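Student: Below is one structure. I have some questions about it.
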C-alpha cells in the first residue's frame, strides 16, 4: 500500500487540525486565567496576632482547610473513580467502540474538570456580590469543594455523551465539553444559589439536566444510517467490561450522594438511603428483565448494567432527608421497574416516533429516575415543613434553606432544569450538526474506533471484510437474541451472472438457515430449549433466513453477486434434499474453508 493511501481524507485532516488547535488554545486560556484569577483556599487567620499556643493548635489541626480535606477527600476519590472508570467502562459494551468510550470519557472529563473551576467561580462571585454587595472579588479561592463540583459537572457531560455514543467525532465532543458546563452552572446558579432547591446528589442538576441535554443533541445526530448500523450492538467481552463499570458505580454511588450533605445525621442518611435504594433497584431489575425477557424469560445484560443503578439516581435529590428506610427501598424498587420498562418499550418509541436514538439509554437510567426523585423531593420537603419533628433544629436549617417556600422552589427548579437543558441542547445540537460537514462520520464509520484511533491487529473485523473473505453474508445478533444478516453488502463480480435469481435466493436462504443453526449450537441461550419447541424453532429459523435475504437484497439491490457460492458449500451430498444439505453443512462447517463459521 502506498504512502498516500495511509493519509486521512482532507475532511478528516481538517477535523484533526481544528480539534488540536481548539484544545491547545483552551489549555493556554486555562493557564492564563488560573494564574491571574484563581488562588488556593487558605485558613482565614492573621498569623501575626496568634499566640504560640494558637499557632501550635493550628499546626496540629491544620485549620479549616485540613478539616475540609479530611471530610471531603474520601468522597472526592470515590467520585473520581465513578467518573473516569465507572462511566468510561459502562460505555464499552459496543463491539468496536471501546477505545472511544474510554478515551473520550478521559479527555472530556479532564477538560470539564478544569473548565468547571472557572465557570463555578464566576457564578459564585456573582452570587456573593448579590448577597453581600460591594465590588466583585479580584480573585477566586479554589477549595476541595470546588474541585468536587467540577467532577459533578463532568458527570452531567458524560451522561449526555451516552445518548450520542458512537455517532460523534472528537471535535464534536470537544464542543459539548466546552458549552455544556456553561448551561450546567447557569442552571445551578438559578436553582442552587438563588432558589436554594434541595438536591444533595445531583438528581436535578446532574441526572435530569444531563439526560435532557443529551437527548436533545441526539435528536440532531440521529439518522437512518446510524439506526440501521450493524456495529450498534454489544459484544460478549464488551459486556464484561461494561459490567465492571456498573459494579464500580454501584459501590461508589453512596459517596456520590453523600459528598456535599451536611455532616452528621444527614450524611449518614444519604449513605444509608442510597445503598438501600440501590439494592432494591437491583432486585427489581432481575425480576422485570426475566418477566419480559426474550426467548423464555432470559436475563438481559443491558438491563442489569443500567437499571440496577436507577436506585442511586432516584435518591439524588433527597438522599439526606428523613424518608424512612422503607421509603428508600420502595423508591429504589420503583425506579428499577420503570427503568427496565423504559429500555423495553419507551426507548424504541422515542426512536420510532421522535427520531431520538439513545445509544446508552440515558432516558431510562437518568431521566425517568431523576424526574421521579425530583418530584419525591418536593413531597418530602412539604412533609418536612409540616412535621418538623423529623429533623433536629440544626439539620432542619441546613436542609430547608428556602424555609416555607422549599417545596415550591424545588418544583420550580425541576422544570427550570428541563427548560435550560432543552435550550442548551438545541444550541449545541445545531453546532454539532453543522460540524458534521467538517470530518463528520460516514455511514460505515458509526460505532467504530478505527475512524479516529490506531487499532491493533486483533481489532474486531468489519462486516464487509468478513463478507469479502467468505463471499457470503455474515449474520449478527440483534437485541432479541435472534440471528439476522440484514444490511450486509456482499462482494460481487461481473463474470458469473448466468444463474437465475431464484436459484441463488434458494441457496442463500439455505445457507443462512445453516448459519442460524450453527449460532444456536454454540450459543448457550438456545441450549436449554425444550424439545417440544423444535417445530417452532424450525419455523423461526426459516423466517429469519428469508428476512435476512430480503433485507440484504433491498439494501444493496444495485450490486450483482461477485460469484455464485459453490454447490458443495450448501449441499455436501444431495442438492435435492434441503434438510440433508443443511445438516451436512452444519456438521462440516468448521472443516471447509468455503463454509463460514458462526464465530469470525
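Including glycine, each Cβ sits where the backbone N, Cα and C put it.
Under the heading compositional bias 'Low complexity', Swiss-Prot lists 519-529, 571-580. If you look up Swiss-Prot, you'll see 540-554 marked as compositional bias 'Basic residues'. Per Swiss-Prot, the feature N-linked glycosylation site maps to 46. Annotation comment: Swiss-Prot describes 471-600 as region 'Disordered'. Marked as topological domain 'Cytoplasmic' by Swiss-Prot: 1-16, 95-102, 167-170, 221-240, 296-303, 347-361, 433-600. What Swiss-Prot records for 38-73, 124-145, 192-199, 262-274, 383-411 is topological domain 'Extracellular', and it gives sequence analysis as the kind of evidence. The transmembrane segment annotation in Swiss-Prot covers 17-37, 74-94, 103-123, 146-166, 171-191, 200-220, 241-261, 275-295, 304-323, 326-346, 362-382, 412-432, and the record cites sequence analysis as its basis.
Describe the structural surroundings of these features, if you would.
Tutor: A Cβ distance under 8 Å defines the sequence-distant neighbours of the topological domain 'Extracellular' (38-73), meaning residues of its chain 6+ beyond its ends; these are 117-118, 121, 139-146, 148, 259, 263.
Same-chain neighbours of the topological domain 'Cytoplasmic' (95-102): 88-89, 165-166, 231, 233-235, 238, 241, 447-450, 452-453, 455, 459-460, counting only residues six or more beyond its ends whose CB sits under 8 Å from a CB of the stretch.
The list of residues near the topological domain 'Extracellular' (124-145) in space but at least 6 beyond its ends in sequence, with Cβ under 8 angstroms from a Cβ of it, reads 37-42, 65, 68-69, 72-73, 76, 117, 189, 193-194, 260.
For the topological domain 'Cytoplasmic' (167-170), the residues of the chain that approach it from at least six positions outside its boundaries are 15, 19, 104, 161, 176, 221-222, 226, 357, 359, 432, 435, 439-441, 446-447, 451-452, judged by C-beta separation under 8 angstroms.
Through the fold, the topological domain 'Extracellular' (192-199) approaches residues 123-124, 127, 205, 316-318, 321, 374, 377, 380-381, 399-402, 406, 409-410, 412-414, 416 of its own chain, all at least 6 residues removed from its boundaries and within a Cβ separation under 8 Å.
The DSSP breakdown of the topological domain 'Cytoplasmic' (221-240) into helical (H, G, I), extended (E, B) and coil residues amounts to 10 helix, 1 strand, 9 coil.
Residue counts for the topological domain 'Extracellular' (262-274) under DSSP, split into helix (H, G, I), strand (E, B) and coil, are 10 helix, 0 strand, 3 coil.
Across the topological domain 'Cytoplasmic' (296-303), DSSP assigns 5 helix, 0 strand, 3 coil.
The average pLDDT computed for the topological domain 'Cytoplasmic' (347-361) is 94.
Outside the topological domain 'Extracellular' (383-411), and at least 6 residues removed from its termini, the chain residues within Cβ reach (under 8 Å) are 195-199, 262, 264-266, 317, 320-322, 374, 377.
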Student: Tally Cβ pairs under 8 Å between the transmembrane segment (200-220) and each listed stretch (74-94, 171-191, 275-295, 304-323, 362-382), then give the stretch with the top tally.
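Tutor: Stretch with maximum Cβ contacts: 362-382.
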Student: Counting only CB pairs under 8 A, let me know which of 103-123, 146-166, 171-191 has the most with the transmembrane segment (412-432).
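Tutor: Looking at each of 103-123, 146-166, 171-191 in turn, the most contacts to the transmembrane segment (412-432) are made by 171-191.
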Student: Under a criterion of three or more Cβ pairs within a distance under 8 Å and sequence separation of at least 6, are the transmembrane segment (17-37) and the transmembrane segment (362-382) in contact?
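Tutor: They are not in contact.
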Student: Can you tell me which recorded stretch out of 74-94, 171-191, 275-295, 304-323 has the most Cβ pairs within less than 8 Å of the transmembrane segment (362-382)?
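Tutor: When the Cβ pairs under 8 Å are tallied, 304-323 comes out ahead.
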Student: Please indicate, using numbers and ranges, the residues of the same chain that are 6 or more beyond the topological domain 'Extracellular' (262-274) and have a C-beta under 8 Å from a C-beta there.
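Tutor: Answer is 71, 200-201, 253-256, 311-312, 315, 318-323, 325, 328, 392, 394-395, 398-399.
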